[in-house]
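Among the features that TrEMBL reports, domain 'Major facilitator superfamily (MFS) profile' is placed at 37-502. The transmembrane segment annotation in TrEMBL covers 33-55, 75-96, 103-121, 127-148, 160-180, 192-210, 321-343, 358-376, 388-405, 411-434, 446-466, 478-496.
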């Protein structure tokens, strides 16, 4: 019924060449230091996503302090959440040039700086710049590398590893909510933000743990992946070949350019060293020149790969399934956020406040969401199960729950639907896995940057759109129905693309004629 891995053509490599060379598995792939990467990503999700889930505590303090409207004050947290995801494509450029480790460390410093500067805010607009923009960009610079590194270090247990690392969001929501409540009560919100900024410096430690794979280790992972998947049918072979050609774009000229620059500089260095009287001054100038030259080459190469991935002839957008994935992402996140916004009002409308106060429905979603990520990850890693099928089934379950939730009028029925929403939304941990399967590990940073950017746009525009629907209809039901239907369109578009994009088989004479 659903598209399998073979249907969507996951691997873009040359399996025949890779399979001919037996390679000893690297201990750091699916084991060893890979679990330290999971721990690092888990802590990043606690400090980044968990803190953002707890911003409601600070939002109340800001309302009391600055006496601004709820809508204007809410934009502070919305900007922080949205920018964290929207900057994804640009963070992909940093990762291409500097690598995940350096990008994450710089992001940790920037995030902590945003929290600390926000402690001195004199108005809400000041918070837009310091917390919304500065801390938001810093969060994005740590979040994307944390996801990408897990994908690089895992092959057989990718879904489980991503599931374990992303459970940090749920744990962080509980921990950071309790921590911010305590800090605001004991020290005030300004000192609380200052302390939280100091805590967020631990993101630099998480970034330092992101040890990059060597070229040899990366090649070994690729070979293991090719051997395990065999010669698959490639439904999107044209798109795949285009993406693959993108990866090799201008590599040889750039290597020659690097070698030429270094060779010239080394020759100049030797010549200058011969003049002993000017060795100190010339050596310093040579170091500066050599560093500037290497930096220029690195930036030029990184920008070239980044630009061609998005806008060149060998663009990621030539992959039909990936484009459908982006369209799906534009609708998905807002549908998940809407229950958190309108559930309290629905509970109040049906006079269920007393029961909800004992065990809030939003807490049911958050708790089950943690287990959903891990369980769906374990299921997806089973050899007989397709990650793509699990991903689609979870999406269909979630959209069904979104559409039926307004029809539930008792606490028990609402609790059951909320539990299903929490479990099925665990597919978030599969998003990096599906993205990597579509475009390959080499392009994961740029591709996943686009996906989370689409999610960020959805997170920014979804809640205001739902509020606008309520202002027109004066009913919460229509917000669920309209956003649920848009979400369903995105899922169906994603579901149909593997079949629409299938390349018709050609006979040998036709293929030879084309060659």
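Cβ coordinates come from backbone N, Cα and C, glycine included.
Taking the domain 'Major facilitator superfamily (MFS) profile' (37-502) as a whole, pLDDT averages 77 in the prediction. Here the transmembrane segment (160-180) sits against the transmembrane segment (33-55); at least 3 CB pairs are under 8 Å, leaving out pairs fewer than 6 apart in sequence. Contact between the transmembrane segment (388-405) and the transmembrane segment (75-96) does not hold: fewer than three of their C-beta pairs are under 8 Å, each pair 6 or more apart in sequence. Sequence-distant contacts of the transmembrane segment (103-121) (same chain, six or more residues past either end, CB-CB distance under 8 Å): 44, 48, 91, 94-95, 127, 130-131, 133-142, 144-146, 190-191, 193-194, 196-198, 200-208, 210.
Residues 40-41, 44-45, 48-49, 52, 62, 75-76, 78-88, 91-92, 94-95, 100-101, 103-104, 106-115, 117-118, 121, 162, 165, 203, 206-207, 210, 432, 444-445, 448-449, 452 of the same chain sit 6 or more residues outside the transmembrane segment (127-148) yet have a Cβ under 8 Å from a Cβ within it. Counting Cβ pairs under 8 Å to the transmembrane segment (321-343), the stretch among 192-210, 358-376, 478-496 with the most such contacts is 478-496.
In this chain, the transmembrane segment (446-466) touches the transmembrane segment (75-96); three or more CB pairs sit within less than 8 A of each other, excluding pairs fewer than 6 residues apart.
Same-chain residues lying 6+ beyond the ends of the transmembrane segment (192-210) with a Cβ under 8 Å from its Cβ atoms: 36-37, 39-41, 43-44, 47-48, 51, 58, 100-105, 107-109, 111-116, 118-119, 142, 145-146, 149, 179-180, 183-184.
For the transmembrane segment (33-55), same-chain residues at least 6 beyond its ends with a Cβ under 8 Å from one of its own Cβ atoms are 76-77, 80-81, 84, 104, 111, 139, 142-143, 146-147, 149-150, 153-154, 161, 164-177, 179-180, 196, 199-200, 202-203, 206-207, 209-211.
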